[in-house]
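Chemist: Annotations for this protein, taken from TrEMBL, read as follows:
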type	residues	note
ACT_SITE	LYS116	active site, charge relay system
ACT_SITE	SER191	active site, charge relay system
ACT_SITE	SER215	active site, acyl-ester intermediate
DOMAIN	61-513	domain 'Amidase'
Amino acid sequence: MLSSAQAPRLVRSPGLRLRPIKCLHTAQSSPLATTTTTAPSSQILTIRKSLLTQQTTAVDLAKSFLDRLRRTEPQLNSFLYVSPDDAVLKQAEELDNKIKNNEKLGPLAGVLVGIKDNICTSDMPSTAGSRILENYRPPFDATAVRKLKESGAIVVGKTNLDEFGMGSTTEGSAYQVTANPWDLSRVPGGSSGGSAAAVSARQCVVSLGSDTGGSVRQPAAFCGVVGLKPTYGRVSRYGLVAYASSLDVIGCFGSSVADAGILLHTISGYDKFDSTSSKREVPDFTSQFVGKDYLESKPLKGLRVGVIRETFGDGVDPEVISSVRGAVTHLEELGCFVTEVSLPSFSLGLPAYYVLASSESSSNLSRYDGIRYGNQVLGDELNSLYGYSRAQGFGSEVKMRILMGTYALSAGYYDAYYKRAQQVRTIIRDSFKSALEKNDILISPASPSVAYKIGEKKDDPLAMYAGDKMTVNVNLAGLPALVLPCGFVEGGSAGLPVGFQMIGAAFDEEKLLKVGHIFEQTLQVSSAVPPLIAGELTC
């Protein structure tokens, strides 16, 4: 059962520097102008209730989001493509007619969704952030997109990303640089930075991203929203432009755990078009979202939580450590039994990931040659056509990773790099399995730092790669993980969000969502609204 949350407590731990709680409600100009508490509530459920009770119309709702998107987009650059207003409003009008005729509504009726631009959409460009796919329009929808449309969702546009998902800042897009809604001088994370920024700035209700080594979870932490990476195989990859096929998953962004869970439930399930998708039954994730009024005094009593020791060492900002430990303290107060867990192989994940991901990308991106796929640049003969098309179509980061992967797969170095990385992957998977046999969930920071300045690490790829060390191991092990805000530190005009990561056993998203929902409903450190749109909200 879901219900609106009550005013939460603010828990502080020693050294935790948090912004004060702010009273807020939605702007009076919004068709959903109702007073809310500081704890996140489900926008999806609020929209559905407002439509069914005819407090608002789908057209008015769509107009409010489109107005905010058009106003904020010049500053953010979250989207590479935005649907024409008349196309969005036509879908909204059709939905209003269904309501008038008492027709059945899908679970996401009237919900505006942003789609990362490496996920195929039949009626919109799908460029993967690369010039080589500029103006490409697929003849089909990705399975996840098809399921969203069947559930009544309205796709509002395609969001910006690092080219082919290769990056951690969204500066690697061939088209534009996306800004962080909390501080326009900082990155939103990557590669799904456009999807995270769009949800953070309320340009759409929820969004889809992809996660190969943390590309949903790290931008979620940087932008102060919820990011959910499902178990490998839970969601079909059909229609997702491949980067590293054994690591790629489609993930979810929302402003609350409930929204991320509802979105995941909609897109999950077996797909005959994807041989790696699981035939496991999809549980009702929404059953875990119990309202605070129905919680016991110790709602997580007996839950075993393991804090990964190796994620709190050198290279992690003290303020991030302090905020995450504050979150752990709150989990203890909710009844969790917390212990420290050591994963000695954790530090091996980063080099193993970059060998494997680069190797797979070298293979996957070979199809973009100007003949089979990709825009063609003419040459005097076939080899020069290939060379010109790829040289002008790919950006520098993509070229570097292709070269790294080709080198690792070459005859003289295969055993030394690729084979060894696969062996390390097995060790990492086994270490997580062992830790999760003794613990229900594992905890770590989502990123070693908060969002950094645009351009700060662009010329230092090793420093940028190191920012993924908290997340890549989860992809190597194929496990689900949930990131949600746990505090703010100094920076910008309103502070910068800190996120923490909860890791669960394979196909145990249900438990992660339950714990995450209870956490956010009982602890809220600040208003979840970035300064970019704070002028629309008053006490």
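In case you wondered, yes, glycine gets a Cβ from its N, Cα and C as well.
What does the local environment look like for each feature on the list?
Modeler: Shown in sequence order, GLY129, LEU161, ASP162, GLY165, MET166, GLY167, SER168, THR170, GLY172, GLY209, SER210, THR212, SER215, PRO219 are the residues of the chain, 6+ apart in sequence, with a C-beta less than 8 angstroms from the C-beta of SER191 (active site, charge relay system).
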Chemist: 10 Å Cβ neighbour count around LYS116 (active site, charge relay system)?
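Modeler: Result for LYS116 (active site, charge relay system): 32 other Cβ atoms within 10 Å.
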Chemist: Starting from the Cβ of SER215 (active site, acyl-ester intermediate), draw a 10 Å sphere and report how many other Cβ atoms land inside it.
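Modeler: A count of 36.
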